[in-house]
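Listed in TrEMBL for this protein:
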TRANSMEM  12-32  transmembrane segment
DOMAIN    12-206  domain 'MHYT'
TRANSMEM  48-72  transmembrane segment
TRANSMEM  84-103  transmembrane segment
TRANSMEM  110-129  transmembrane segment
TRANSMEM  149-170  transmembrane segment
TRANSMEM  182-201  transmembrane segment
TRANSMEM  221-243  transmembrane segment
DOMAIN    257-327  domain 'PAS'
DOMAIN    330-381  domain 'PAC'
DOMAIN    408-540  domain 'GGDEF'
DOMAIN    549-801  domain 'EAL'
Amino acid sequence: MHPTEQGIEGSYDWVLVLLSYLIAVIASYTALDMGGRVSSSQGRARSAWLLCGAAAMGIGIWSMHFVAMLAFRLPVHTSYDLGLVLLSMLFAVLGSYAALFMIARPQLTVGRLSTGSLLMGSAVAAMHYTGMASMRMEAVITYAPVPFAASLVIAVGASAAAMWLTFYFRGEGGIRAFYRKLISGLVMGGAIVGMHYTGMAAAHFTESGASTHGMVMGGAYLGYAVGLATLIVLSTALVTAFFDRRIASATAKLSESEQQFKSLFEHNLDGVVAFDLQGRVTAVNPAVTRITGYTQEESLEIHLTELRSAPNPGDLQRYFHQAVSENSSVKFESVVRHKRGHEVAVIVTTVPIVVDEEVTGVYGIIQDITRNREAEQLIKHMAYHDDLTGLPNRRYLLARIRELGTNPGAMLLLLDIDRFKMLNDSIGARLGDELLRQLAGRLRSEAGEAGTAARIGSDEFAVLFPWSGGQGEPEKLASRIMEALSRQYDLDAHKLHLSVSAGYDLSAGCDNHELLLEHAGTALFQSKKEGLGRALAYTAEMDTATREKLELENGLRQALEQEQFEVHYQPQLDMFGNLIGSEALVRWRHPERGYIPPGVFIPVAEENGLINPIGSWVLRTACRQNRAWQLEGRAPVPVSVNLSIKQFEQPNLVEIVQSALADSGLTPQYLELEITESMAMNAAATEGTLYLLKALGVKVSMDDFGTGYSSLSYLNRFPIDKLKIDQSFVRDLFKEESGASIVATIVAMAHHLKLSVIAEGVETREQLEFLREQKCDQVQGYYYSPPLKPEAFSRFWDELENGTKKG
């Protein structure tokens, strides 16, 4: 019961009280949900939702107030002024509009929250007290100050809470958001109801004799009707908002899907062309312009039948109809012509456009693979061509030989630059490369369009010609090419002439094309063996020599493993017949063929690389034997060991020599290393190695002096101890007038340079006497002794010391 002054007391209809709270909760939830709709809408939809939301929220709040007032019963007749009732409703709608307008902004600042809550709170308070003023009865209403002020504070506070919660939940969705909004609606509904009933608690009713006038309305049933209608309006608003949210969500997803498709279409690196069923272009993306050069406007004017591709012009039309008729995708490679005229390699994928299970068109997806094809061509070119000269390589040549299997015949010419390594070391790698490039250019020119020039080794080249016997004599063709390659080359300040050896073979039919390279190689090997600068045609007899060479190579490997090599020693004497040293010479005693001359197996060992292990074995053996003679009490004399070019080029040569000396215990001064003049061609490298060897304490002599190139200019530069006159000069001493002069000049020059001189190949008394007259220091040769086994050498030494040998 609510007591009033003058004995007027009021009571509440609790059904309407609960109805008013339910209306307040639904109104609060509606406000929370409407806030999300307003903030997520744009343009006119936003304005419409703002008005509808304000109306639904305002009417809901007003309905709660009006139903709550109808729930209050007085013992006097009560009716309501319709105008003031409508005005109170307007205040509620305006307050709701202000609140929704504020929370629809991107950010809810403290200022906006304060302003909005004051506006809405004032509007709610105005609604309440205007509604109270609309009551027409025989009583006067007065308000207690404290409850009145409390109602205003609750109105503003409830408005602030409602605005904050609405802003907070405006973007959320899902079941969790529903429960959060529901709980918040229960709290907000209680706050709104609390404001109303606090305001009612502030009201005091006093009897008066005033009568009602104007347009009035009343009746408890009206409260039920208003409440029910309000619930229907709010529920309808909520349902409408719910389905609109679903529709908006679906629309947003559809829009997002369309944007994703548009993004995929517009920004795809591959070209995409859409055709209708008639073959008309309906859409193209920007990548098509980049690939073909045609603008989007130009592309839209093209019909499927106007498109041509290579190598099969009808591919696109055929695969288009396949995509339509079979509803299947096809991928194929093709070449299209750019607007500027050049060709573009592409991969085309035709994809049917299916709408409602019906093909309505075809997408053509175009992937530009021009760079991939160019990269593949580059890799293929690199695989089949020489990097330095640009000529085809051995792989290309073999493929070309196989292709000639359908032709009447072929001629293959193999060419090898004589002594190229020596020349390359002399002029340097840069000029050596330039020399090869110039030679390749000449060879390409000589081969012409019909022939194929190739580089198949570091200094080995080939020319392949289709051959039917009508191009002239093969000897003349080979000579012409060799003559072109031997003409002068201009390399900076160097002017060089090359010597080239060649071998060739002809195939008269397709059965023996695969043997061309093998046969030409055999002819080239025979050419170099017989003398440099020649061209030989392959003959069957050459196979015998080749087989013998292979057998010799295999035999050399077995000789190393089975210790078939021996070291013989040829005495070296002074001009008075005293032993002053020996030269270690390797011999091969074959178990079946007996002794094989060094001139036969040494070149093969040089070619296949076995000379290095053989040479190291000879060095170690000679050092051990010389040390053994010293341990026998003989006078210490040096032993000379020859170094081949390949041995001298070993990066660990100094370590090999040092190891041989250490293992044998031989003092370095009793080891003499013989080098050849040809090593002087690479002066810088030779000089460095020689000084390292001299630092060990060994002696160095130059073998075969006078047979090489430019030796005299290096004698002062290199740390040489002795010159050895080649046996060819000694042999020709009395056969030619110049022979004796050459020997005399070498001896005089060596003595002028303070070098000792030894002559090899002395076989007669006359040769010995001449050398004595020229004051040659030492000699060796068959006049005194051939190379001997260690035991025989020891006997020779003993006989020499005992005076029983000629001296």
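Every residue gets a Cβ built from N, Cα and C, even glycine.
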Closest-packing stretch to the transmembrane segment (48-72), where packing means Cβ pairs under 8 Å, from 12-32, 84-103, 110-129: 12-32
Mean predicted confidence [pLDDT] for the domain 'GGDEF' (408-540): 85
Same-chain residue ranges lying at least 6 outside the transmembrane segment (110-129) that approach it to Cβ under 8 Å: 61-62, 65, 88-89, 91-92, 94-96, 98-99, 101-103, 151-152, 155-160, 162-164, 192, 195-196, 199
Secondary structure tally of the domain 'PAS' (257-327) (DSSP, helix then strand then coil): 38 helix, 13 strand, 20 coil
DSSP residue counts for the domain 'PAC' (330-381), split into helix, strand and coil: 12 helix, 32 strand, 8 coil
The domain 'GGDEF' (408-540): DSSP-derived helix, strand, coil residue counts: 61 helix, 36 strand, 36 coil
